[in-house]
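Q: What follows is a single structure, and I will ask about it in a moment.
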């Protein structure tokens, strides 16, 4: 076996939440062949296989993961000419996501600039259909290449086959559980109008009297906004937004707005309204900056749950569950986790 295998590796330092137990087995795959080796090893040992990106959207149990945790060391990025003057950005699964954004903007290619500074890897991006500030991965994704662990072969899936929706994809469901994302391809456009409809981005430019922002301006704006609103990962642990923004019917939104005047809502589909959960946590529940021991909601963005140091995964999950119950009691809406619970959660 060319792949280096380690045992009982601590995972808390490999996740942005800084919590959780060890991996029974751990390996880094530097190429497609080693991904195949990892799959074969897990099958021979009769253990599960979990592919870890940068650990930025997961909460690993204190018991850890009783299987093989695999990181992808593949990180090549390339740009290829495509149809009608467009450019295809192809990235290997282990590539750092923000590096893709940075290089695209430097080449004046539009489509992902609003996704600046989102932590994680290229391979993890389709799993959550990452999105921010008016854009999501589905806007540019053309295809993904995967290794099918069941069939022991590589194959390509088009965007439609990935089943992308708000923070969802086939890769989070049973039918996609055997697929390891090895490459993604994004369709980008030269120049193009930046997406500035999101209020925070629009306000950023208005206060600075920038009437015709460039792609570089937009990236700079998003980086600045995220840096101000979200926790510094060098100081505290967090997985970013712990819950999804709820999507309700127009009638539900009107009823809630009667009880809580000023409740924002954004049309996402015919008859459906997305509500910013951060507004509810702040203005309805009074949970901005709420803290219990070493766990709390972040002062500048209450949708982010923070580990101030020493919190266990059990502590964090219990705190999140309490927050969800409070929201449900106040609004009738039970928030859905965006963060994935991983590992052995048996008591």
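Cβ coordinates are placed from backbone N, Cα and C, and glycine is handled just like the others.
TrEMBL labels come from automatic prediction, so no person has curated them.
Taken from TrEMBL, the feature domain 'FAD-binding PCMH-type' covers 18-191. Taken from TrEMBL, the feature active site covers 167, 338. The active site, proton donor feature in TrEMBL is assigned to 241.
Buried or exposed, and what's around them? Tell me for each listed feature.
A: Reduced to three states, the DSSP call for residue 167 (active site) is coil.
Less than 8 angstroms from the CB of residue 241 (active site, proton donor) sit 301, 303, 304, 338, 339, each of them six or more residues away in the same chain.
Annotation note: residue 338 (active site) sits in a coil segment as assigned by DSSP.
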Q: When you measure from the Cβ of residue 167 (active site), which residues in the chain that are at least 6 apart have a Cβ under 8 Å away?
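A: The list for residue 167 (active site) reads 128, 129, 131, 244, 338, given in order along the sequence.
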Q: Using DSSP with the three-state reduction, classify residue 241 (active site, proton donor) as helix, strand or coil.
A: strand
